[in-house]
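Novice: According to TrEMBL, the record shows the following:
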- 31-38, 110-114, 165-168: GTP binding site (BINDING)
- 22-240: domain 'Tr-type G' (DOMAIN)
Amino acid sequence: MSHQSDLIATDIDTYLEQHENKELLRFLTCGSVDDGKSTLIGRLLHDSKMIYEDQLAAIQSDSKKVGTTGEEIDLALLVDGLQAEREQGITIDVAYRYFSTAKRKFIIADTPGHEQYTRNMATGASTCDLAIILIDARHGVQVQTRRHSFIVSLLGIKHTVVAINKMDLVEFSEERFEQIKQDYLEFAKGLGLKDIHFAPISALKGDNVVNPSEHMPWYTGSSLMQTLENVEIAGDANLEELRFPVQYVNRPNLNFRGYCGTLSAGIVRPGDEVTVLPSGKSSKVKSIVTFDGELQEAFAPMSVTLTLEDEIDISRGDLIVHSQQVPESTQSFTAHLVWMSEQELIPGRGYEIKLASTRTAGRINAIRHRIDVNTLEQSPAATLSLNEIAQVEVTLERPVVADDYRRHKGTGSFIVVDRLTNATVAAGMIQADTETDTSIELQDRSAISTELRARRCGQTAALIQLTGGDDALRSSLLFTLEQQLFNRGRLPLALTDQSDEQVDALKAAGLLLLTDHDGLQADLVLTLDALQTQTPAAQVNALLEQIAQAELI
């Protein structure tokens with residue numbers, strides 16, 4: 001619902017124009033179970049007069065049936081929309097609510113507090129500018145508080161409000177507020193949370209949520225709503241480096257060719273020299289087109305159509321950047337991954353990776369370590385289960401621009417899609433390779449096994465022998481198969497004349513070996529006799545399929 005302004009009755013056009021130009025703040029509420037997240041959102045809506053009369057009447061009726069606040073209206077029912085949520089008194093799904101005040105527009109994400117819904121919280125937090133972390137004044141900093149704070153840090157949310165709720169149950173104690181504040185600051189030192197605000201509130205009673213509290217004269221700071229209205233988010237956008245992922249090529253007639261998309265970073269103006277990746281071709285911006293006419297400047301996160309002075313080949317998935325600041329493309333990067341599927345992550349398995357508007361095949365080559373979201377401890381892991389978070393290594397089949405997530409959310413984040421079910425199984429945040437690992441320990445023996453080497457490459461170390469056909473066919477397919485495996489991110493090696501001892505050493509290094517000679521102990525024999533009449537592409541694809549069926553790749 002929009003802010004109820006007097007202009008609505010007197011000058012609706014002016015009101016709509018003012019409302020359209022208000023700054024939008026996206027924020028989420030998170031915290032331990034029963035800390036009062038949904039009640040807080042209900043209180044924000046109620047005290048801001050954002051609830052219709054029929055809604056209020058319905059909530060009053062529902063409060064008598066399933067409410068948890070005794071004789072008082074249960075404002076949490078405004079956002080706990082699922083029947084299971086109302087019956088259990090918890091939040092399961094991510095509930096979004098919109099409201100506005102005279103200063104700002106808001107979109108709230110009410111995220112689940114339970115650990116088994118970590119993926120839901122990560123989804124809700126991914127687009128937010130600010131996080132409200134609720135702490136029950138009776139219990140202080142809990143395990144789930146630490147987990148949510150870590151996820152907020154991981155997802156790059158720059159502003160945090162720690163709302164110490166249920167102050168009415170600790171007699172609005174200043175001493176208790178200060179104790180929890182210090183406990184949280186001590187814990188948050190290692191998370192990199194920079195802009196942290198603290199507010200003592202009572203969501204149930206309304207103290208210090210929208211209006212200042214008469215029960216806490218010792219608190220001289222802003223109310224929660226005042227903080228939300230005044231926190232500075234305009235400087236959060238990266239306006240230095242242009243990133244314009246092309247989502248659609250608009251060609252309504254022969255005289256117009258425009259490239260549509262949303263600026264994820266930077267500023268663009270007509271006349272700017274730009275480069276298109278991955279092709280590397282350059283041109284100049286001819287115009288910036290919108291439904292309301294042409295612009296002289298566009299900046300993140302505006303959605304616009306760019307036209308260029310030159311006719312160059314650009315398609316969906318390409319990235320337009322400034323020619324003076326062309327980022328490097330890469331086929332591999334390190335990232336934090338939130339696993340969202342009930343099926344475990346299998347390192348080396350092929351997935352589809354969607355980064356900005358680009359879709360490409362890829363794989364999670366290795367799990368560097370799994371992160372315990374409750375204690376923040378790191379531990380080795382062979383697989384990832386639902387809701388687990390880890391640092392992983394990702395390899396793609398073609399180069400992309402993979403920015404550090406902390407500088408470029410749009411081109412620094414990606415999702416992992418199961419190619420069979422088309423389900424999103426993970427969300428990732430890219431980390432710059434320049435990060436220094438301060439936990440390196442000297443080792444007196446190799447800790448990298450053959451299995452680890454093979455898993456990194458998404459293959460099983462083995463010797464594959466080609467037999468049948470004539471000598472020329474075997475030799476040609478040997479090196480063609482080596483090239484195709486390499487193009488798919490594997491580490492193959494075509495052998496010409498090696499002994500069994502040398503083969504064993506190369507297999508110990510995790511390599512996938514290919515040979516067309518007899519006399520070596522092969523793990524897989526591929527016969528070419530039935531392939532001689534087929535095209536080269538069909539021959540290679542048939543061999544690759546047999547290797548995959550043998551579970552070597």
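Using N, Cα and C of the backbone, Cβ positions are placed for all residues, glycine too.
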Novice: Between G31, D34, T111, M167, which of the binding-site residues has its C-beta surrounded by the fewest other C-beta atoms within 10 Å?
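Specialist: Among the binding-site residues G31, D34, T111, M167, the lowest count of other Cβ atoms within 10 Å belongs to D34.
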Novice: What does DSSP say about T111 (GTP binding site): helix, strand or coil?
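Specialist: T111 (GTP binding site) sits in coil per DSSP, no helix or strand.
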Novice: By the DSSP assignment reduced to helix, strand and coil, which category contains M167 (GTP binding site)?
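Specialist: Helix, per DSSP.
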Novice: Kindly assign G31 (GTP binding site) to one of the three DSSP-derived states: helix, strand or coil.
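Specialist: The three-state answer is strand.
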